[in-house]
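Undergrad: The following feature annotations were taken from Swiss-Prot:
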type	residues	note
ZN_FING	53-76	zinc finger
REGION	152-217	region 'Disordered'
COMPBIAS	163-176	compositional bias 'Polar residues'
COMPBIAS	177-210	compositional bias 'Pro residues'
ZN_FING	322-344	zinc finger
ZN_FING	350-372	zinc finger
REGION	399-434	region 'Disordered'
COMPBIAS	408-422	compositional bias 'Low complexity'
ZN_FING	445-467	zinc finger
ZN_FING	473-497	zinc finger
ZN_FING	503-525	zinc finger
ZN_FING	540-564	zinc finger
ZN_FING	566-588	zinc finger
ZN_FING	594-616	zinc finger
ZN_FING	622-644	zinc finger
ZN_FING	650-677	zinc finger
ZN_FING	683-705	zinc finger
REGION	731-763	region 'Disordered'
Amino acid sequence: MAQAIFEALEGMDNQTVLAVQSLLDGQGAVPDPTGQSVNAPPAIQPLDDEDVFLCGKCKKQFNSLPAFMTHKREQCQGNAPALATVSLATNSIYPPSAAPTAVQQAPTPANRQISTYITVPPSPLIQTLVQGNILVSDDVLMSAMSAFTSLDQPMPQGPPPVQSSLNMHSVPSYLTQPPPPPPPPPPLPPPPPPQPPPPPPQSLGPPGRPNPGGNGVVEVYSAAAPLAGSGTVEIQALGMQPYPPLEVPNQCVEPPVYPTPTVYSPGKQGFKPKGPNPAAPMTSATGGTVATFDSPATLKTRRAKGARGLPEAAGKPKAQKLKCSYCDKSFTKNFDLQQHIRSHTGEKPFQCIACGRAFAQKSNVKKHMQTHKVWPPGHSGGTVSRNSVTVQVMALNPSRQEDEESTGLGQPLPGAPQPQALSTAGEEEGDKPESKQVVLIDSSYLCQFCPSKFSTYFQLKSHMTQHKNEQVYKCVVKSCAQTFPKLDTFLEHIKSHQEELSYRCHLCGKDFPSLYDLGVHQYSHSLLPQHSPKKDNAVYKCVKCVNKYSTPEALEHHLQTATHNFPCPHCQKVFPCERYLRRHLPTHGSGGRFKCQVCKKFFRREHYLKLHAHIHSGEKPYKCSVCESAFNRKDKLKRHMLIHEPFKKYKCPFSTHTGCSKEFNRPDKLKAHILSHSGMKLHKCALCSKSFSRRAHLAEHQRAHTGNYKFRCAGCAKGFSRHKYLKDHRCRLGPQKDKDLQTRRPPQRRAAPRSCGSGGRKVLTPLPDPLGLEELKDTGAGLVPEAVPGKPPFAEPDAVLSIVVGGAVGAETELVVPGHAEGLGSNLALAELQAGAEGPCAMLAVPVYIQASE
C-alpha cells in the first residue's frame with residue numbers, strides 16, 4: 001500500500017518507513033483491496049489556525065509543506081534546539097475526489113498560493129500522541145508527503161472522496177480571487193474502476209467560526225496518484241521541482257513507548273495522562289492494532305476548552321488575567337474586575353436622581369426606577385366586586401319559579417340594601433312560604449384594568465404583571481401630585497424641584513439638601529462596609545388600617561392614595577381597609593357550601609367543617625400539657641395556654657386615668673374589660689330591668705330567671721352560672737362538710753361568759769350542743785318565709801349569715817354570699833376573734849332568704 005509513497009520519495013529513513021507502514025496497516029484509513037481492514041468512522045475535529053508538520057528527528061514543526069520537505073532533504077540534525085514554523089495560506093477549497101488505489105491522494109485546489117514562512121516561538125507540540133487525537137510525527141510526515149506529491153496532479157471530476165481519519169491540523173482560509181491557471185500537466189494513466197464511496201465528510205472548522213465557501217480549509221487526504229482531470233496548480237513564491245531520491249543511512253530510531261495514552265492540554269502547556277484509559281486500542285481480526293479515536297463531540301469540547309491556551313501556535317497574544325487585590329479571584333475583563341472590587345470597598349457610584357439612593361451597578365439603578373411607578377389615581381381602589389352581595393330567590397314550589405324570576409329579586413342589589421332583605425319571601429302573604437331568598441357573597445378579586453376575576457389574591461397579583469405598562473411615575477414632592485407615563489419626562493420634571501427636594505440616606509436615615517451631599521455621605525458607609533450601620537427592621541404602621549410598610553415614603557404614599565372608606569353593601573358598617581370588609585361579608589351569606597348534617601350550619605371550607613365536627617362527636621384531641629384540660633379545637637388550646645404564663649401581658653389601658661389595675665392573659669378578656677369602662681350596657685334583660693355590657697353576661701343572668709344553671713352544688717343543690725362560683729361556694733349542708741364540722745368540735749363544753757351585776761364578773765354558762773345537721777335543716781326550713789301569691793317560692797337560701805357569739809365586743813355579724821371569698825360586713829377575722837377573745841366563741845350558720853322589694 002505504501003509502495004507508491006516509497007517510490008515517489010526514496011529519501012526517507014527507516015523510522016519514517018516503519019511509521020508510515022504501521023499507520024497504513026493499523027488504522028485502516030485508506031482502503032486496501034489486497035488486505036482486510038477495519039473501517040473506522042471519520043473523526044470530525046475542529047481546526048486550528050495553521051497546519052503543523054513535525055519532523056520526526058529534530059522535532060521541528062512547520063506550517064509550510066515546501067519548507068518541511070526542504071528540511072527533510074537537508075538531512076536535519078536531531079539535536080537542533082530551534083523550532084521553525086512556516087505558514088501556509090490557501091485561497092480555495094479542495095474539490096472532492098476518490099479512487100480505490102493503494103494510496104489515495106488528496107484532492108488539490110484549482111489555485112493555490114503559498115506565502116513566505118515566518119518564525120514563531122517554540123510550540124508545545126514537540127511531543128505527539130501514540131494513539132491519541134494528534135498523530136506521531138512520522139505519521140504527520142507521511143500525510144504531508146502524500147499531500148505534497150499531489151500538488152502536481154490534475155484536478156479530478158468524480159464522486160466525493162473518503163476523508164482520511166488522520167487528524168491533521170487544518171487552517172481555515174477566506175476565498176480570494178484565483179490567479180490564472182497554469183498549463184495542464186502531462187496525462188497520467190487512468191485509474192482502476194472506483195469502489196462505492198462512503199458518505200462525504202462534514203465541514204471542519206473551529207467551534208463558533210464560520211467556514212467561507214463551505215470548506216475553506218486546507219485538508220490533507222490520502223488519494224490515488226493517477227487521476228484524470230483538467231485542474232491545475234500554481235505555486236507562487238517557491239519554485240518547486242521533483243526532488244531527487246536521497247540516500248538515508250539505514251538506522252532506525254525507535255520512538256518512545258508510552259505506557260498509558262496521554263492527552264495534550266493546550267491551556268497548561270503540557271501533557272497529562274488519561275483516566276482509566278477510555279480510548280484503549282482495538283485488536284482487529286488479523287491481530288493488528290486499530291487506533292481508536294474520540295468522538296467528534298469529545299474532540300470539539302476538548303478543542304473548545306484549550307483553544308485559548310495556544311497563543312504560540314495560534315499567533316495570538318494570551319489574555320492577561322486580572323487579579324483582585326482583595327481576594328484571589330481573577331477576571332479577563334477590567335469591567336468585571338472593577339465591579340467585583342466594589343463588593344470589597346462598598347463603593348456605589350450610581351445614584352437615583354429621584355431619591356438619591358446609590359447602587360454599585362448601573363443596571364440596578366434602572367431596576368430601582370420601577371419602584372417610583374405607581375398605579376394611576378383612578379385605579380387605586382379596592383378589588384372587591386361592586387355586586388359583592390346579591391340576593392337570589394329560590395322557589396320552594398317549582399311551578400312558581402318563572403313568576404319569581406320575573407319579579408327581578410334575583411338581580412344584584414343596586415345599592416346598600418337593608419338587613420330586612422334577608423327575610424324569606426312569602427311569609428307576609430301566608431303562613432307557608434313559597435320561596436326564600438339566599439344571600440350570595442362574591443368574594444372574588446376584580447382586576448381594575450380588565451374584567452378578569454380571580455378567586456385568590458395571589459392570582460390577581462400574578463395577573464397584574466400584565467398591566468405593568470399602566471403604571472406611571474409620580475412626583476416625589478408632596479405638594480406636587482403629577483404623574484408621567486415616560487421616564488424621560490419624569491426625570492425632567494424632577495430637575496425642576498431640585499431646590500425643594502431633600503434626600504434621605506436609606507442606611508442611617510439622615511436628610512441632606514442636595515444629591516451631591518447625599519452622595520458624599522454615602523461614601524462614609526462605603527469606607528468600612530462591614531461596620532456600616534445595620535438596616536433597622538423598623539415597621540411603619542398606618543393608624544387607620546394598621547397596614548405595615550418598610551419605609552416612611554411608602555406609608556406616606558398609602559395615606560395619600562388610600563380612602564379608608566369601605567362600606568358594606570348590605571349593612572351600614574364602614575371599614576377602614578378592604579380586608580376587614582372581606583372578612584365581614586360572609587356574615588351576610590349562607591355561610592358557605594359545606595353543611596353540617598347535625599346542626600345544619602354552613603362553612604366556607606371543608607377544613608372548617610371537619611373542625612366543627614369535633615363539637616358533636618364530643619372528642620377533644622387537644623390536651624393541655626400543664627393541666628388536665630382538653631379541647632376540641634387547636635386554637636382553643638392555644639388560647640388556653642395563655643393562662644399558664646407567669647406574667648399577664650394584657651393590662652388595662654385606663655390604669656393611669658381610673659386607677660384600674662386589672663391584668664389579663666388573653667386579649668379577648670382585655671377587650672371585654674375595656675367595654676366595661678365605656679359605661680354602655682346595650683344588652684338588656686327582658687325579664688327585669690338589668691342591663692349588661694356583654695351578651696355573655698346577659699345569658700348568664702337569664703339562667704337565674706329560668707333556673708337552668710350549668711353548675712350545681714352536690715350538697716345543697718345551689719346553682720351557679722360559672723364553675724368559678726361553684727368552686728368558691730362554701731357548702732354547709734354537704735355530708736363531707738358535716739364530717740369536717742364534727743371533727744373540728746372542741747372536746748369539752750365551754751360556757752358562754754355572762755356578766756353578772758355591776759362588778760362585771762363573768763359567769764360561764766353551758767352552751768347547748770351545736771346544732772346537728774337535721775336540726776339545722778329544720779331550723780332553716782322554719783325560717784323560710786311564706787310564698788307570696790303570684791310569685792314562686794324561694795327554693796334555696798341566697799346567703800348564709802354567720803353570727804359570732806361571745807368573746808368580742810366589737811364583733812359583728814358576717815354575711816357570706818356565694819361567689820365571694822370574704823364575708824360582707826365583718827371587721828374582724830375569725831382568727832383575730834379566737835386569739836383576742838377572753839372567753840369562748842362559737843359560729844352559728846343561719847340560712848338567710850333575701851327577697852327583693854317591689
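Heads up, the Cβ atoms here are built off N, Cα and C, so glycines get one too.
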Undergrad: If you average pLDDT over the zinc finger (322-344), what do you get?
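TA: Averaged over the zinc finger (322-344), per-residue pLDDT gives 86.
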Undergrad: Which residue counts does DSSP yield for the zinc finger (683-705) in the helix, strand and coil classes, in that order?
TA: 11 helix, 4 strand, 8 coil
Undergrad: Is it the case that the zinc finger (503-525) and the zinc finger (322-344) have 3 or more CB pairs under 8 Å, with pairs at least 6 apart in sequence?
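TA: By the criterion, they do not touch.
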Undergrad: DSSP-wise, what's the residue breakdown of the zinc finger (622-644) into helix, strand and coil?
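TA: For that range the per-state counts are 11 helix, 4 strand, 8 coil.
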Undergrad: Hey, which bits of the same chain come close to the zinc finger (683-705), Cβ under 8 Å, at least six residues off its ends?
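TA: That would be 672, 675-676, 719, 721-722.
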Undergrad: Below 8 Å between Cβ atoms, which of the listed ranges 322-344, 350-372, 473-497, 622-644, 650-677 makes the most pairs with the zinc finger (540-564)?
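TA: Against the zinc finger (540-564), the leading stretch is 473-497.
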Undergrad: State the non-local partners of the zinc finger (473-497) in its own chain: residues 6+ outside its ends, Cβ under 8 Å from one of its Cβ atoms.
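TA: Distant Cβ neighbours of the zinc finger (473-497) are 353-355, 369, 372-374, 376-377, 553, 556-557, 560.
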